[in-house]
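Undergrad: Have a look at this one before I ask anything.
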Amino acid sequence: MSSSTSPYELKDLKNSSTEVHAAEQENEIEYFETDSNDRPSQQPHLDYEQHNTSAVRRFLDSFKRADQDQEQEAEVAQMNDLTSAISPSSRQAHELEKDETTDKIAPHTGHKSDSLKKTIQPRHVLMIALGTGIGTGLLVGNGTALVHAGPAGLLIGYAIMGSILYCIIQACGEMALVYSNLTGGYNAYPSFLVDDGFGFAVAWVYCLQWLCVCPLELVTASMTIKYWTTSVNPDVFVIIFYVLVITINIFGARGYAEAEFFFNCCKILMMTGFFILGIIIDVGGAGNDGYIGGKYWHEPGAFNGVHAIDRFKGVVATLVTAAFAFGGSEFIAITTAEQSNPRKAIPGAAKQMIYRILFLFLATIIIVGFLVPYNSDQLLGSSGGGTKASPYVIAIASHGVRVAPHFVNAVILLSVLSMANSSFYSSARLFLTLSEQGYAPKIFSYIDRAGRPLIAMCVSALFAVIAFCAASPKEDQVFTWLLAISGLSQLFTWTAICLSHIRFRRAMKVQGRSLGELGFKSQTGVWGSIYSCIMMILILIGQFWVAIAPIGEGKLDAQAFFENYLAMPILIVLYVGYKMWNKDWKLFIRADKIDLTSHRQIFDEELIKQEDDEYRERLRTGPYWRRVLAFWC
């Protein structure tokens, strides 16, 4: 070695020698019991990890606990995902965005998922965001809602929930921008803005929600298959879908972005095609029934129920299904808050939400109401003995159209499997989040070398076994239970977001802070959150009424109560249990004691005003089409 060798070169050579020595020792151990002639010749300059370790060994080693550096990287990735436990489809959009950003600043780790991170494009994020909500609640759960409420009641329920959702998107956008780096996302807001016990209870119920969604989607998938065949045991299909979901989450999916892009394109095209074909069938241009018009709004009627109280009860019951169908939409605001210009993107996301509510939800629900009577024995939740199917399939098949129903049913199957995969992913990450926040045992924070929360995934897989009830004659009841838990849990999450926003604005006022510090102010203001909070409390009260006096007989039924209201007792037990354990009985954090500095991004009020003035000037002096685009988009 020459005397001119630098200390850095000496250090590198020492490290290289150490690595080679370690590799030789490991080779000694590995081939200790093998014939000496089988032992490969030692080549000190070969990379042991790459050349001497088989793919199977690397795969098995990936389940070992990550070392300190890997664990830190994995935890960063998991914390980027913890707000993504919201909507299955939107959650994946956020994950992909975060992965793309992380890949630009993080060193190459050698993971096979790196190539996926580099392929994420805006078109993936856009289509995944548009496809949010087109799943079990809308495509299958609406069958039960139509039976209970009738076509007009179903439409009213979705319209009410849509108005609430718009205010929630505004509040969530404001909070997401100022707390964009907060561990736990919007699940963490109540812990420091409302009350720690309330935050604990809501976070656990939210985790329970996504635990329930996975078996719910698997059951729905088996029910969807019944449209084609009823001779095969449904559990056979559940096994296939169950193994598929777990396999994807163990190995990942190299082409996940393109797959989700494909799935969501299919959903959007299906909903658009259904709307057009539905209009053609309704006016007599296709099918065997000629002109239909609003026939089913007159016979059997627009509402289900003889008395006004029964009709009102049907609308109330519809609201939970609508909440589940809209579930995860609030995450669009979270994703938008992390784009390059969130102050302009969040209002656009709110407008996008209006269009989704109007065209993908309300418009197609109107068509379903025109083409499917609420007393059809094929609807889920009906008392008839017909084969249960999606109301979207029934709307086409019952009028003599042959090929299209199979395409619609196939897209529905893809939709529910996509959501099953996403919900499994989310529930495991939520367990990790709870552990990081101190709300769950530390064992759930185990992260392997591939960045998977392995213990949490095992719990999620065990919970998904509930789906094997698909062959039971009580399948419809289990579906109703899981749907009610998920729907009510979504209402709790939305209530927590709105209540946190109200308390945040109150603390800003009490502590004399200017709203100009906010990068984006909710267009509906604090009154929008108050409206949403009041409406959701009324919905919870109404759902309690429906639970103790079910639609139909109106008699108290314990089974019907737990089918419709199981999530509320769970929330109460978690809240009271936390208070008893910590001996902390305060109801809320006082506004003057709320911490408004930690984790919060404070914007320059003068700079924001200058940016807004410049933006308005560019619109004023720019072409007319740009002003039109800014108004509508």
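Cβ atoms here come from the backbone N, Cα and C positions, even for glycine.
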Undergrad: If we trust Swiss-Prot, are Thr230 and Asp476 on matching sides of the membrane?
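TA: Both on the same face of the membrane, per the record.
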Undergrad: List every residue in the same chain as Cys633 (S-palmitoyl cysteine), at least 6 positions away in sequence, whose Cβ is under 8 Å from its Cβ.
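TA: Listed in sequence order: Gly348, Lys351, Gln352.
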Undergrad: Can you give the mean pLDDT for the topological domain 'Cytoplasmic' (499-531), rounded to a whole number?
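TA: Per the prediction, mean pLDDT sits at 92 for the topological domain 'Cytoplasmic' (499-531).
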Undergrad: Give me the DSSP three-state residue breakdown of the topological domain 'Cytoplasmic' (170-197), ordered helix, strand, coil.
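TA: Taking each residue of the topological domain 'Cytoplasmic' (170-197) in turn, the totals are 19 helix, 0 strand, 9 coil.
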